[in-house]
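Record features, source TrEMBL:
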- B:33-53: transmembrane segment (TRANSMEM)
- B:89-107: transmembrane segment (TRANSMEM)
- B:119-137: transmembrane segment (TRANSMEM)
- B:144-162: transmembrane segment (TRANSMEM)
- B:174-196: transmembrane segment (TRANSMEM)
- B:217-237: transmembrane segment (TRANSMEM)
- B:263-291: transmembrane segment (TRANSMEM)
- B:303-321: transmembrane segment (TRANSMEM)
- B:327-350: transmembrane segment (TRANSMEM)
Amino acid sequence: MTHQIEARAISTGYGKSLIIDELSVAIEAGRITALVGPNACGKSTLLKSIARLLPIAAGSVLLEGTDIHSLPTRQVARRLGILPQSPIAPESITVGDLVWRGRHPHRQFGQRRTEADEVVIVEALMATGTAELVDRPVDQLSGGQRQRVWIALALAQDTPTLLLDEPTTYLDIAHQIEVMDLLADLNEQTGKTIVLVSHDLNQAALYASSIIAMRGGSIVRQGTPDEVLTEQTVADVFGLECIVVPHPRTARPQIFPLGRRDLTQEK
Amino acid sequence: MTVLDTRTVPDKTAQAAVLARLRATHRATTRRTTIAVSVLSTLVVALLVASVLLGGVGRVDPADVLPAAFGLRTGLADYMIFQIRMPRALAAMLAGALFGLSGALYQRLIRNPLATPDIVGISAGAGAGATTVFLFAPALAFGAPVAAILGSFILLGAIYALSSRRGTVDTYRLVLVGIGLSATCVAYTNYLFTVADKHSIAIAMRWMIGSVNGVDWDGVTTLTVGAVVCGLGALFLNRQLSSLSLGDELATGLGTSVSRIRVAALMLGAAAAALATSVVGPIGFVSLVSGPIAVRLVGADRAVGLSVLVGAALVLGADVLAQNAPLISPVPTGVLTALLGAPYFVWLILRHRPEASA
């Protein structure tokens, strides 16, 4: 199995305090990998460091075997796309114009939009189901529509690897599943390597083929959903007691949290 | 897993329909920009002509205007037209363009309509530099513009150093630090007034109010060079700026060198504001209103370019009014723009809400 992204003993953080200290991880090509863990465990930090959004203090990040920091940033942008948690939509921009921004790394200075660009944009709009919105201003869209437009922008960037930082936060359950389905389709049809930070263990188990569980800036476990989503690991990582049962349709592991209270007692 | 197959079996007709709509949207924005540019350009030219023809104080026979403009008439007409009115009108246009550009650049970079070079204190730095030259070395050729640019860069550097934390610049801190440092510059300028001689003070005072009155061809040359250089710089940065407006993280992901582009654009905006200020003084509120007006007209994406024309039209228009409006004329241009701009500023603060983010 080839490694699309490899982090070798990276240390990073904000200012003097290190959030991640000498972490190594390899992400396989053509798969959906989910980063899970409690708040402030460093999963977003890891995602940002491998996408060069955060400088690393030590170690190296390899993208398709090449050190990411030795490559010009535009070249990296043609191979690796990242959708951060809260991108900003410029005032009164239309969906079509916003998605067009995804072509940025492919354009030369002074070059106008080409037909090839337009075809990629149209494909991105259609794949995300946002083609109907093409002439609408982004600030008039609902949260779910807007998130799909952002994903369309990331698709227009047309990179073999796509990183997403909590792509389903702020969305209702139907829109969450819609976004996850879309990512699964993309992965299946184009072989795109997808890495996403997720707060939802059950969705991660359903859609990802590899899960990385983090706590306190280091990786506790990495493997298939069956390997990672065990009662023991969930207790180790989240400090949460739970029951793991197979999904009735897919047999993927699903967790049912057990709180402090005994909910079997009827009032 | 569910497969909603849109890619492997592409629906050619649906694709063509979306493509047509995408192009239509693009054409609509382009058309809107073309219309806005043509209307504003016409307005600017009309105001230029009006400014030279009307000219406020001093009468010139209309028949003498054109020959004088081309240097074919000597005497009073030549003096009025060629030495007073033309430089004045051109200075108003060019300074307005520079103010408009600087304001729109800063508003775009800092993502806050209040964050223009005059509000965050860059202009105060430029003013301190220019005043120093006015009071102590008035004979120095192009001393004021150079000192103004230096002053604005020093202030920008200080603001940038003080407002960056953990390697990134917090724009909220940038605005607050700028306001603080701008007070320091005003204190410095006031101190200079206590030690300078009376004659220089009178010149500096008139400049400080902000007026295109008495601008000579040297001033016009400074402004022309400034407008051309800053205009080309903005053109060069434009696409990186539109990527930057998506937020630092996404812009980095799209392959933009965020900090390098930001510093370049901040310096460009500071230089534009400093050059304009050094020649016509701090004409208030033009850099504040030009950007938002341009955004209204053509959307945020093309606003930086259009704000050049908006600024030019605003200062020219304000100056034509300042010279010719009954009852109030003649007043310094800066007084008039402040009278019109201040209410807008208050309104902006009252209705300001943070830009929506996804």
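Count begins at 1; order follows the chain as displayed.
Just so you know, glycine gets a Cβ as well, placed from its N, Cα and C.
Caution: TrEMBL annotation is automatic and unverified by curators.
Since this is a predicted model, take the numbers as computed values, not measurements.
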Task: Stretch with greatest number of CB pairs under 8 Å, the transmembrane segment (B:303-321) reference, B:119-137, B:144-162, B:263-291, B:327-350 candidates - done: B:263-291
Open item on the list: Using Cβ atoms and a strict cutoff of less than 8 Å, what residues sit near the transmembrane segment (B:263-291) while being 6 or more residues removed from its termini?
Closed with: 91-92, 94-96, 98-109, 113-114, 116-119, 122-123, 125-127, 129-130, 144-145, 147-149, 151-153, 155-156, 160, 206-212, 215, 219, 222-223, 226, 229-230, 233-234, 237, 241, 244, 303-304, 307, 310-311, 314-315, 318, 333-334, 337-338, 340-342, 344-345, 348
Task: Same-chain residues at least 6 beyond the ends of the transmembrane segment (B:119-137) whose Cβ lies under 8 Å from its Cβ atoms - done: 102, 106, 110, 143-145, 147-156, 159, 174-175, 178-183, 185-186, 188-189, 192-193, 196, 200-201, 203-204, 207-208, 269-270, 273-274, 277-278, 282, 288
TODO: Could you give the residue numbers and ranges of same-chain residues that sit at least 6 residues beyond the transmembrane segment (B:89-107) on either side and whose C-beta is under 8 angstroms from one of its C-beta atoms?
DONE: 44, 47-48, 51-52, 113, 115-118, 120, 122, 212, 215, 219-220, 223-224, 226-227, 230-231, 234, 241, 265-266, 268-270, 272-273, 275-276, 279-280, 283, 286-292, 294, 303-304, 307-316, 318-319, 333
